[in-house]
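Student: Below you'll find the structure I mean.
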Amino acid sequence: MNFKTRHIPAISGSMLVLLTIIITLPRPTFAATIQTPECNIYGDPDVFGPGIRWSFYLQWISLVIFLFICPHEAELAREAATITTVAVYINTFRNLHHQKSLMAVEWPLLWNMTSSLNGLNWPVSKKGFRRSGGTLAAMLFTWSIYYLISPWVFFKGWTNGSQPGCSIKYFLFAPIEVYAHGFWAFMKASGVICAITIGPGTFFGAIFLLGYWISGWPDKELLTFHEEPNPISAVLGFFTLSGGAVGIAFTEMTLKVNHITFPGTSITDSGQLVALLIGVFTLIAALFSAIKSLVQGRIPGAVLRSLVPATERQERTAADWPMETLRGL
């Protein structure tokens, strides 16, 4: 019995937990419909509009399915996450100097929707890294820019888009005032430390993975390489499940407690719809791959034997015996 079939009960339990979390989370559209007469905080729909958020959430569900059941197909989730992440980062960097862009909200939500949801989307073998090196390099390079720019955001751009009398809060199990002196000092220190350590680390990691990926181009075996579920992929899946759930709750509750709205933005807008469709198609592919993988893993056992008559199985077995075995009978 392989790892996949041996851990089906655990996988099923994890899927049940995942569905429970999704059902109990506040809806993204609800967070975008609350208004107060005191403050009108308008969110950037190109960064965390409803379609873009749902795209990341669906990709997160897809990634959990891939990691638990069929990690060899997770390349699709990596490509989808990279495309969506790069597009969102471009929109954020483009608006970085705009005074109307609420950096105190956009910057942490940007990290939550990208890193916390897809940060553990890694292969579980050397060949897997060589096969997905290009996609992973693009993701790491994007993260390196985020961490290298963070000190400027925390020191110079933190109050961009703020309104007099409007209190901005994060929801980390309880609302936290983002402009409080102690918390702001903590964010500045964290930004500098991350810019010195994680920023260069992700940048040079991206260069290494890019070279590793290019060196694997002549290896045709990578095209058919198959990664089976194993303890490493299960651990990655568990932490992706738990970390992503916290990230989604943080994002939605932060939008809710700050009464952030997206006036004039609809899920049918091209920017929202395209992102949403990427998430939908990724989830469909994940479900199809998972069903296919589970069925293929179980058919060769008792189910297949029950479908084939005993006499036919004996004939097939005899026909497949090597000649040396027949001579020894």
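Residue numbers in this text run from 1 along the chain shown.
Cβ atoms are placed via backbone N, Cα and C, with glycine included.
Please treat TrEMBL annotations as automatic predictions, because they have not gone through curation.
According to TrEMBL, the protein carries these features:
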type: SIGNAL; residues: 1-31; note: signal peptide
type: TRANSMEM; residues: 47-69; note: transmembrane segment
type: TRANSMEM; residues: 136-155; note: transmembrane segment
type: TRANSMEM; residues: 167-186; note: transmembrane segment
type: TRANSMEM; residues: 193-214; note: transmembrane segment
type: TRANSMEM; residues: 234-252; note: transmembrane segment
type: TRANSMEM; residues: 273-291; note: transmembrane segment
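I would like each feature placed in context: is it buried or exposed, what are its neighbours, and how far apart are things?
Tutor: Only residues 6 or more beyond the boundaries of the transmembrane segment (167-186), in the same chain, are considered here, and those with a CB under 8 A from a CB of the stretch are 41, 102, 104-105, 108, 154, 158-159, 249-250, 253-254, 256-258.
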Student: Sequence-remote contacts (6 or more beyond its ends) of the transmembrane segment (136-155), Cβ cut-off under 8 Å?
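Tutor: Contacts with the transmembrane segment (136-155): 78, 81-82, 85-86, 89, 93, 96, 103, 107, 110-111, 114-115, 118, 122, 129, 184, 187-188, 190-192, 194-195, 198-203, 205-207, 209-210, 213.
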Student: Do any residues of this chain, six or more beyond the ends of the transmembrane segment (47-69), have a C-beta under 8 angstroms from a C-beta of it, and if so which?
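Tutor: Tertiary neighbours of the transmembrane segment (47-69) are 4, 11, 14-15, 18, 22, 28-29, 32, 76-77, 80-81, 84, 88, 91-92, 95, 106, 109-110, 113-114, 117-118, 120-121, 229, 233-234, 236-237, 240-241, 244, 248, 251-252, 255, 262, 265, 267, 269, 271-276, 278-280, 282-283, 285-287, 289-290, 293-294.
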